[in-house]
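Undergrad: Residues or ranges marked as compositional bias 'Polar residues' by Swiss-Prot: 699-713, 827-848. What Swiss-Prot records for 749-758 is compositional bias 'Basic and acidic residues'. Sequence annotations record features per position, and here Swiss-Prot assigns compositional bias 'Low complexity' to 854-870. The N-linked glycosylation site annotation in Swiss-Prot covers Asn212, Asn227, Asn256, Asn265, Asn458, Asn463, Asn492, Asn499, Asn518, Asn560, and the record cites sequence analysis as its basis. Residues or ranges marked as region 'Disordered' by Swiss-Prot: 693-777, 793-812, 818-879, 904-952. For 1-26, 130-300, 425-611, the entry in Swiss-Prot reads topological domain 'Extracellular'. The annotation topological domain 'Cytoplasmic' is assigned in Swiss-Prot to 48-108, 322-403, 633-1026 on the grounds of similarity to another entry.
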Amino acid sequence: MSTLAQPPTYDATTTADTQLTPYLQLSHLLSLTWLAYPILSLIFVAFRLQLSMTSLENSILSVKSDILSSCKAAEHAATAAASMPRYMALATNEQFADAVNGSLHAARVALVVSLTAMEAIINFIIDTYRSTFFCFLELVVTGGLAVLISAVQGINTVLQSVTGSLRTSIQSDIASANSVIQNAINAINKVNPFGNINAPQIAVPSLDALQNVTLPASFQDALTSLNASIPTVADLKGALESIIDTPFELLKTDINDTFTGLSFNSSILPVPEQNRLSFCNDVDLSVIDEIGRDFIKIAKIGVVIIILLALLLIGFNCLLTWYKWRCMKRHLEYTRQAWNTDPTMIHTKTSSSSPPQVILTDHNLMILHANSAHPLITRIMNQLSARLRFSPSHHTNLRWFLHYIFHAPALACFLIGFFGLLSVEIQLLAMGPIVHKFEDSAAAAVSDFSNVIAASINDSMFNQSALYANDINSRVDVIQSTINNGVFGWVNSTTFTLNATINAFYTDIQKAVSTVFNGTVLESPANDFIKCFIGGKVDAIENALTFLHDNLQIDIPRVNDSILVLSPASVHEATAPIAAAAIGGGPNDKEGLIGRLVKAYTATLKKERVMFGLFLALWGIVVLMGVCILIWNTYGQALLKKRRRRRYELEQRSGINGIVVPFRSGVESENEKGAVLDLPSFTPLPSPRRSAFKPFWGSRSNSPMGNQPSGSAESFAIQKEEWDDFPPKPIESTVKKPSRLMAIGRKAMGKERVKADGGEESTSSSSEKSPSDEGIRSTTWVGKFTTLWTKKEPVPQSSEFWDQPSRGRPKLQINVHRDSADAGPNLYSSHTMQSRWSASPDATQTSWGKVMSPSKKTSTTTTATFQTPFGYSTRKSGVPIHDLDQSYDSLSSKSGAPASLPLPLYHGFSGSQSRPSARAEATTTERKDTSPPPPFAPYRTNKLPNPPYDEQRRTSTLRVMNPTFKSSDHTVAMPASRLLTTMDARHSSAINPFITPFDDEHRVTIDNNPVYVRQSIPTNPFGVAL
């Protein structure tokens, strides 16, 4: 092992010209208090919060920029939506032109067909009336003329017959008269004598005129000529049809000519211009600013709180550093007083200025270093152990576990992770109310933005639609005027023509009637009849033509000004996605840019939570490693040792040469064969077979120096099979008979009771509990709590062959220069007194009393003495330091006394050796002790004094260090139990296995001595915070 570099040496006369010291003083430590791990972790968390705040500000600016960019995109989208009239007009113009052209063509065809139908209807009506009238007129006129002609002819015939008969009658009457006259004359003549008288003759007129008497031939000729001159129906029908059809044909020709020139071309229809909207200047971004301001406010509040907390921690750390410095100074004083008052510390000088000559082992220095490095853990564990009455193994394991998990780097990971997670979780919890607060604001902003976009789109659409409607209506007016003036222009002339035609027709009929009945009695009735029959119809036709003249005009519907304007529902449907894309998104308008802002900050916090969680996970790994190490050292190694022991026992079941040695009566045995066979002392044992777990070369058990315990309380506890075995209970060597020396087992020693005079009384009750067990479970809650930390102590088993000490065969030392009275205990190695400031046991040596077994069983406990320099006062070994008053009353200067029990040499041989009990053997095996031969004791003329009464035993968790002795003629008497460094619980004293010289219970008070004057402080010098 390489030696460390030694510090430089200087001349004693060399003086240092600096006021600094090789170590840090209080002012220097106070200047470094701001570098404590909690403060550094808080500073780290504050920097993370500051970075998160900066990231949040950048996110807010990015979100606002994204909103403006989205708004520009929304403007383009809204422009496209507002330009829908243009695209609608492009398609509407084509459809409108096709509709207008189709309408004009249909109107032309309808008009032509209507005129044709009207013409046919009029002709039919006129023909109906004409046919009826002419048929009736022909009947009346022709019949009347025929009657008149027949009447004239009859009258002429009557007149001719009357006039002919009248002429004949006249002529016959005249002829008769002439005849009568003639006769008469003849008769007269006859009588007359006168002669004949000549009868006068009346001349008979010819009366031919009467024979030709007729009506005037002109009247008959007039009637005959009238009857011959009445026109026929076919001629009148053709004339009327030609009169009626002429305007209609002209109208049809005019309509066709007019509609041929009318055509609605879509290329000449107006198209609205594309209107660009601009509404981003009206976007309200106050919601983003407010939510960002609230988030930043939370981060700033967190930073301020962390800074204030760090400042408070700096102040507390300054106080803590001052307190630690004060406790350290007191601790140094405690250490000096502990060394000066410890009876095992043999000093050569009485002055307090001279340092005591003490051997500081590595283990003790490590204990001091651990206590000074983690004073808070030490203080807490001492108080917990005192309150909960932990066993030594529990105390050691838990203290080691706390040292392990709160190692400086692990503690830094824990603090960074804890404070970081705390800050992240607080921010995440604070984000919920903030987000809920701005949900309504975001929804209102989206609604307002939608209204702004809708209003802009509506204004643009109204303007474009009005311009488009005006242009379309002007073109419709031109077409309408063209149709009304061109197509229906005939109404102005045709109505007059029709009226003139009908009036002419009516006039002709009247003329015809007048002509026919001119001067006759039928003229007036015929005129009345014609007026009644035809006049009303003619008047009706004139009224119809007048109505057509007044109402026959085309009125084409005009285009409404809002023809290209969408309904409010359609505008909202078109603008809502645009507004949602600009400000809010998702089904509820909560996942837009505002939602993305919240999600981005939340994602940043979650990433930080993962980072801080990794720090805590690293600390958790350390905790898990510590738990695994505890489990291995507590259970794993014990199980492995048991497994190896069982394997070895199976190999040694057959004994030596097949000879099985029976058990001794009264001696406990753990298995059938026993851990150690009852053989003579120097009987050679068979060599064990080579095992994969143990080598044949030297180990701790077979090394010349014996079993040396490890340098720490942890490694010493590992050597024990159970937790409750640390510190080990005392092994007392009691001489029962002069011929035998039987070691009392560990459990038997645990049952000892101390009488009033300091003697021991062993109990035989196996069920009696030790005082420590009774104290541990004195209360219910403490018993329940400690049950979790303790386990049932198994029956100790024998160790392996490699670790078994040769306690049954003591290594003898024969001194040929001195008598047997001086061959006492090894004062330098095996029976040094126990130091009360050491924290763990040193190498355990078997008492020389076990080597030199007395033959009488009823003898008292063997004691050993050694000397101290003259002038040094020693205290009673059984009195603990906390029992000292303000003066060293219990310390007394004693001179040497002759040994009360000289032991002969032959007691060490096998013939008189008493075999120790199996329980004691197992206990010794567990400690891995050896019994090296006692070294030569220094020559003394005085004998060992009688041991003082053990008035009050002092227990210690530490073993004795080897002090440095100077030549002196004085010795200090110590009991054997004190030399064996046991920790058995005595009924006469309260046991605290965790007491050290630096605890409050062991504070030392010195009276009236300026060298040792100090105040007794009721605090633990190492019980301070980290």
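Note that Cβ sites are derived from N, Cα and C of the backbone, with glycine treated the same way.
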Undergrad: How many other Cβ atoms sit within 10 Å of the Cβ of Asn499 (N-linked glycosylation site)?
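TA: I get 16 for this one.
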Undergrad: Going by DSSP, give the three-state secondary structure for Asn560 (N-linked glycosylation site).
TA: coil
Undergrad: According to DSSP, does Asn499 (N-linked glycosylation site) sit in a helix, a strand, or coil?
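TA: Once the DSSP labels are grouped into three classes, Asn499 (N-linked glycosylation site) ends up as helix.
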Undergrad: When you measure from the Cβ of Asn463 (N-linked glycosylation site), which residues in the chain that are at least 6 apart have a Cβ under 8 Å away?
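TA: Listed in sequence order, they are Asn275.
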Undergrad: For the glycosylation sites listed here (Asn458, Asn560), tell me which residue's CB has the most neighbouring CB atoms inside 10 Å.
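TA: The largest 10 Å Cβ neighbour count belongs to Asn458.
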Undergrad: With every protein chain in view, what's the tally of Cβ atoms within 10 Å of the Cβ of Asn212 (N-linked glycosylation site), excluding that atom itself?
TA: 13
Undergrad: Should Asn265 (N-linked glycosylation site) be counted as helix, strand, or coil on the basis of DSSP?
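TA: SS state of Asn265 (N-linked glycosylation site) = coil.
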Undergrad: Looking at the glycosylation sites Asn256, Asn265, Asn499, Asn560, which has the shortest Cα distance to Asn212 (N-linked glycosylation site)?
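TA: Going through Asn256, Asn265, Asn499, Asn560 one by one, the closest to Asn212 (N-linked glycosylation site) is Asn499.
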Undergrad: Of all the glycosylation sites given, namely Asn256, Asn265, Asn458, Asn518, Asn560, which is spatially nearest to Asn499 (N-linked glycosylation site) at the Cα level?
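TA: Comparing Cα positions, the closest of these glycosylation sites turns out to be Asn256.
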Undergrad: Which secondary structure state does DSSP assign to Asn463 (N-linked glycosylation site), in the simple three-class scheme?
TA: helix
Undergrad: Can you grab the distance from Asn560 (N-linked glycosylation site) over to Asn458 (N-linked glycosylation site)? Cα atoms, rounded to a whole Å.
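TA: Answer for this pair: 15 Å between alpha carbons.
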Undergrad: Using DSSP, what is the helix/strand/coil residue split across the topological domain 'Cytoplasmic' (48-108)?
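TA: Helix, strand, coil within the topological domain 'Cytoplasmic' (48-108): 60 helix, 0 strand, 1 coil.
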Undergrad: What is the number of other Cβ atoms found within 10 Å of the Cβ of Asn256 (N-linked glycosylation site)?
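TA: For Asn256 (N-linked glycosylation site), the count of other Cβ atoms within 10 Å is 14.
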Undergrad: Using a 10 Å cut-off, grab the number of neighbouring Cβ atoms around the Cβ of Asn518 (N-linked glycosylation site), all chains included.
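TA: Total other Cβ atoms inside 10 Å, all chains included: 12.
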Undergrad: Including all protein chains shown, what's the count of other C-beta atoms within 10 A of the C-beta of Asn265 (N-linked glycosylation site)?
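TA: I count 11 other Cβ atoms within 10 Å of it.
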Undergrad: Compared by Cα position, which of the glycosylation sites Asn256, Asn265, Asn458 is the closest one to Asn518 (N-linked glycosylation site)?
TA: Asn256
Undergrad: Looking only at the topological domain 'Extracellular' (425-611), what is the model's average confidence as pLDDT?
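TA: Mean pLDDT across the topological domain 'Extracellular' (425-611) comes out at 72.
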